[in-house]
Each structure stands twice: as C-alpha cells, then as structure tokens.
Amino acid sequence: MMLTMPYSIAHVALPVPLDRTFDYLIKSEQKPVIGGRVKVPFGRQRLIGVVTKLSNESEFAREKLKAIDVVIDEQSLWPTNLYKLLNWSSTYYQYPLGDTLANAMPSWLRKGREANFASLKAWQITELGKNQDLNKLTRAPKQAKALNLVRHQQCSHEQMLEEEVTAATLKTISDKGWIKEVSLAPTPSYWYRDVEVTQEKPQLNEEQSIAIATVNANPEFGCYLLEGVTGSGKTEVYLQLLEPILKAGRQALILVPEIGLTPQTINRFKRRFNVPVDVIHSGLNDTERLNAWLAARDNHAGIIIGTRSALFTPFHDLGIIIVDEEHDASYKQQDSMRYHARDLAVMRANLDNIPIILGSATPALETLHNANVGKYHHLTLTKRAGTAIPARHGVLDVKGLYLNSGLSAPLIAQMRKHLSEGNQVMLFLNRRGFSPALMCHECGWMAECKRCDAFYTFHQHSNEIRCHHCGSQQPIIHQCQGCGSTQLISVGVGTEQLETQLTNLFPEYKTVRIDRDSTRRKGSLEDYLEAIKNNEYQILIGTQMLAKGHHFPNVTLVGLIDVDSSLFSSDFRAPERLAQLFIQVAGRAGRASKPGEVILQTHHPEHSLLQSLLHHGYGHFAEHALKERKFAQLPPYTHLSLFRAEANNNENVEQFLRQVRDILESHPQFHDATPVLGPIPAPLARRAGKYRWQLLFQAPNRTVMQSMLRGAKTAIELLPLAKKVRWTLDIEPQDLS
Ligand code: ADP
Ligand code: ZN
Ligand code: ZN
C-alpha cells in the first residue's frame, strides 16, 4: 500500500500589492485546495487569500511560518481553465495574482462568505393583507399593485422593483401590516433537460446562414468577427448559434458594453428559449452578484449576459462566447487590473476550446487586423434585415460661419425642418458642462483649478465651477482675480450651454440632455430613454453616452457638432472613435418610412479620413486608418505599454521614469525596434496637486513586450524612487491620458 504524504505548506496569494505568494503551515485537520480560499494571519490582520500551490517546502524556516486560520473552500472556486486564465491575466497585465483573484470574485466571497446561494429579501402577504379589498384602494394604485403581486406567492424585493413598485410603497404597506419580509432561497433549476425554442424565429437570409454554418462547422475553438451594420441581423445570428449549444446542455456567455444592457436585448434572449437567463452588471447588489455567479457555476443558468467583469464568471459547461459591440471602449478596464475583456474572452474561448463571436458594425482596427491576417474568420452581413434604408449624410463646412453656441445657421435650419415634420433631432457634443472655461473679458484671466493644470468648467445649472479632473468645485465667481473686473464670459461650448441655447431657439419643442451630469441618479438614464421613446422630448443632446445601443426610430436628423476635436486629437484612436460614432448613429437614424440624415460640422471637410469614411464607408476608412497606423508604427502593428507615475514632487516623478527607461534600455532584448518614448508630461500634467508623467514603451510583438516587462518589473520595484511615486503599468492602453 502506498501512503501519500499530506502537504504541510500552503502558498497563498493575498490581496496585497505585492507580486508574490506567502507561505503558511497546514494543520493536520486542514485540507486546503488549490484555487480555494483560506483565512490567514497577515501582520496584525486576518486576510482572505487563495491557495496557489501546496508543497512541503518553504524558503523560510518552518518555525517562522504561521498556520492557516480557516480553510474556507473544499473545492476550487474556479474551474481549471478559468483559474488558468486568471493566472495568465495576472502575468500578462503585470498585476499581482492575489489582487487579480480577489477582483475576480463577488465581494461576499472576497469577505470570506461561503460559496453558497444567499437568500433573497422577499415579501409575503399577511392575513390582514389578504382581507384588504383591492377595489377600495383605487386612490393608492401602487399599493394595490404591490398587494396584487404577492397575493398568491412570495415575491422577491427585486422583482417588485422591476414591476415598478417602489421601496417606499413596500414600506408603507408593510408598516400597515399587510405584507411581511421573508427570505427566499433560490431554487436550482434543471433547465438543460428539455430546452425549447419558445418563439417563432425568422427565416435566415443567405449571409446569416453562411455565418451560422461557418461557426457550426467547427465545434472547437475559433474566433469569428461578425461584421454587420445595425439591423443587419447580428443578434438573430447569436440567437440561432445559441440554439444547438443550449440544446446540448451547454451554457452561453454574452458580453455587452457598459451601457448596452438594454432590457430589449435581454428580453430577446429570455423570450427565445425556455432557459434561465442571468444578468451581471455594475448595478447588482452583493447578494444578486453572488447568486448570479453561483447560478452560472452550478449550472442553474443557461445564459449569462453581462458587462466587462462577467468575463470572469465560472461556468459549469461553457459552450460559446459572444462579445457584442466588440469595439466598445468600455471593455477595457481603466483601473486596478487594466485588462481588455474582449482579448481575454478570446483567450478564454481558446482555453475552453469553444467558438467565440465578436460582433460589431464598426470593428476595432485591432480586430480587423486580426481578421486580415487570418487569425480571425471574417463574416459579414451587408444587408439590413427589414426594410430600413441607410441614412443620408453630409459634411457641413463651417469655415467662416457664425456659430451660435456651436451651431451653424444651416444646421439650425435643417433642425427646424425635421422638427416641424414631427420628428426628433439628436445632437452630439463630447463635452459636459456649460462651457469648458470662464474668462475675464478685460484682461484674459481664466479661472483655473488650483490643483490641476486645467481650467474650471462652468456649470450653469448648479451655478458652480467644477474641475473635471479632480472633482473640486466652488460657487461661480463673479469677479476676475487678475484685474477685479466683473466682466466674466464663458469660452467654448458644452452640452449644458447647447441645451440652454436650444431651449431659446426652439421654445416650442422640449429638449433633453443625456450626459454624465444629467444621469447621475440611478435609473434616470432609463427614465429619459423611455421618455424619448414616448416622444416626450423632440431635441436630444448628448455625449457619446447617447449613441450606445439605443434605438430611437423617430430621430431623423443627427448632428455631430464638433468633429474637428476628434480629427485633431492627441489620442491616435480619436478618428477611429469618431468613425464608429458616425456609423452607429447613421445606422440608427430614421426608418423605412422616414429616412434619416446625419450632418457633420467641421472646418476641415477635405480631411482624408473623413472623406474616406463618408464616401466609401467604414471598411474603406479602416483600411486607410490601418495604413496610417502601420506607417506611424502604432497598434495593431506594434504593442504599447504605458507607465504612468505621479507624485507631489515633480522631479521625483520624471527621475523615476528616466530610471525605468534606463532599465528597459539595458535589457538584452532592447534594440531599435522597441523605442521607449518619454518620459513626457501626461496630457494633464498636474491633477489634484500631483505631477504626472508618462513613459511609452513600444514593442514589435507581444512576446518581446512581455519578456522585457517581466525582466524590468522586478528591477523597477527595487528602485528607491518607486516608493516615493505612485506608478502603474497599463498594457495595451486604450486611453493615453
Ligand atoms: P442587429 O443585431 O445586427 O442590430 P437584429 O438581429 O436585431 O440586428 O435584427 C434587426 C431586426 O431584423 C430584428 O427585428 C430582427 O428580428 C429582424 N431580423 C433579423 N434577421 C431576420 C431575418 N432573417 N428575417 C427577418 N427578420 C430578421
Ligand atoms: Zn481680468
Ligand atoms: Zn482640479
């Protein structure tokens, strides 16, 4: 008989910003597992960590080691491949494993809770409640509705809110003793036993059939770019691809952009199949998040639809991944681990050996490049399903024209025409606030944030000036701090000013503004969108937020007010984003009976990228833009990583990045093909009192980038200045600010 020696040392990844694991002794009765959580002493605290390795060896003396307090999980939290993916991400994005793993769990698991379903808050009717006569409650319809919902069965709190019963109403009737709070344990479902299509599906057109047949021909890993304008039937392709997967009892993951989570999309998946659909997004509370996570892992959910972080959901048996609007910038996380969910999704599909579909009307240049070189299959849908006709579009040369709050007379005239025909008009301007600066008319002094290298934005609505970079704000000033004059004027145009101006110009129509300021309150965006659909507003003003995923059939005129700021931006991705915005709005403007029109205001109608986009479409634009990227040695032809550093002491920051540069340049793999650019001051050189610098590292390919960064990182961490500045490394940054 063979005796297996139990392991005596657990190597644990902890959520601390140190890129290493810590060793703990295993007590004889403890059975930690790799990928499972343990609670351990760390300094004076107790931390929850994940076991990454079991052994009998430690580089430290045994008597120095502390023992594990509690073993929380008896099995790994993640399936093998997902655990591999997390390890891989930690390495690729140069982010500590402990933090990576912690970020990939619902917060309750991070806090050490058992990985079991949490019960939900729910409501149950009381005897008193049953005795209420609903007909007598006509003056309190909300209360009647709430009572009606719980009349025959318990109803979860969330479900009540979804049915538009407010928490206040629930409190009122529970205070009256008509309902009482209970906790509801979710019941597992066996959805996979008899999956059915519960809705009639359309006959596929030829391109859709080809797309589906191509994917289905290979049940193993393959990455498919599905390019098709809005309305060309991409979602229908997703649905029909899901069918055989679900019928085989396998699950599906659908990633959507941050704001794209519209109920319509979710409902299409819910209506098509009789399988449970769970939705994961930033608005979930901790219980809901844990439950959705467990529902996927324990096979209680067939379909998971979610935003970026849903990528890390464990599945019982994942059969397909879909990334909708794959070009969307929200797939890249901008803090902590700066991962790209689309890129990791491809990696995940590869590890799981399943197909992945990247859908978009305007694929990212990176994705198109991958299709061009044959790494991805390129599937296209060129026809609009249904009968909609493409929008007309035109460039409006505003050189020399008087601009009224950014609006030219021809645009205003065009708006009047569309509005008088009973249609809606939508205007885009990517700048919030009333005006981006406040200036003295006498001496030119400008109100500047004391903590940033930036001007205050004037917000007329709240009567204050605000810094969009550090968030500081103060009441509007009425006197120049340079010469004392009271003649302060606003410079430039923001969405708020546009709104004010349009209300003056078109008093007979109602105007609504959709930006981060106007939609701060939870649920307000949804309310506005609903009101727009109901034609309560005729003029819609918005930042890019308004473009994403929403369809407004009554909008027949779209104006892009300030195209030039994108054409001449310091961010090399700005033209690509402009082109994507243009195609998105052009694809959604109008419908069969009311053709749409898109107008672009610019001082540079001759700009070659603009010409290529307008006359030959996105594909041509992309080809042109890719050539420029190749010439300039920018992604996807090179791979960037960006070191950002900031501190109160300007010299320390610059000095630190110089040393980082020296380290990179002394690497044996360093040669002319991998220039290090900088350090240069960040586009916003000072924020909240801290000086900011950047260093851009450009590598010819991922392998060189990875091996050089890996080598450099240890050396960088040992620099004395590394402790005096706050620094981060952004692999393949989407945003260079
Ligand atoms: P996308 O996701 O590309 O915007 P959808 O899949 O939503 O496109 O399709 C747009 C509309 O056309 C939807 O109402 C959809 O039901 C319908 N549709 C899609 N494919 C077909 C088809 N083959 N025949 C008829 N209608 C279709
Ligand atoms: Zn002045
Ligand atoms: Zn500031």
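All positions are counted from 1 along the displayed chain.
Keep in mind that glycine also has a Cβ here, set from the backbone N, Cα and C atoms.
Nobody curates TrEMBL annotations by hand; they come from automatic prediction.
The domain 'Helicase ATP-binding' annotation in TrEMBL covers 215-381. Residues annotated as Zn(2+) 1 binding site in TrEMBL: CYS440, CYS443, CYS480, CYS483. Under the heading Zn(2+) 2 binding site, TrEMBL lists CYS449, CYS452, CYS467, CYS470. Sequence annotations record features per position, and here TrEMBL assigns domain 'Helicase C-terminal' to 475-637.
Sequence features, as recorded in TrEMBL, placed on the structure.
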| residue | record | DSSP (3 states) |
| --- | --- | --- |
| CYS440 | Zn(2+) 1 binding site | strand |
| CYS449 | Zn(2+) 2 binding site | coil |
| CYS467 | Zn(2+) 2 binding site | coil |
| CYS480 | Zn(2+) 1 binding site | coil |
CYS480 (Zn(2+) 1 binding site) and CYS452 (Zn(2+) 2 binding site), distance between Cα atoms, whole Å: 19
Binding-site residues near ligand 3 among CYS443, CYS452, CYS480 (Cβ under 6 Å): CYS452
Number of other Cβ atoms within 10 Å of the Cβ of CYS443 (Zn(2+) 1 binding site) across all protein chains: 13
Among CYS449, CYS467, CYS470, which are recorded as binding-site residues, the nearest neighbour of CYS480 (Zn(2+) 1 binding site) by Cα: CYS449
Cα separation, CYS440 (Zn(2+) 1 binding site) to CYS470 (Zn(2+) 2 binding site) (Å, whole number): 23
In sequence order, those binding-site residues of CYS440, CYS449, CYS452, CYS467, CYS470, CYS483 whose CB lies under 6 Å from ligand 2: CYS440, CYS483
Euclidean distance between Cα atoms of CYS449 (Zn(2+) 2 binding site) and CYS440 (Zn(2+) 1 binding site), Å: 15
Cβ packing number for CYS449 (Zn(2+) 2 binding site), 10 Å threshold: 24
Residue pair CYS483 (Zn(2+) 1 binding site), CYS449 (Zn(2+) 2 binding site) - Cα distance, angstrom, rounded: 18
Among CYS440, CYS467, CYS470, CYS480, CYS483, the one of these binding-site residues whose Cβ has the fewest neighbouring Cβ atoms within 10 Å: CYS483
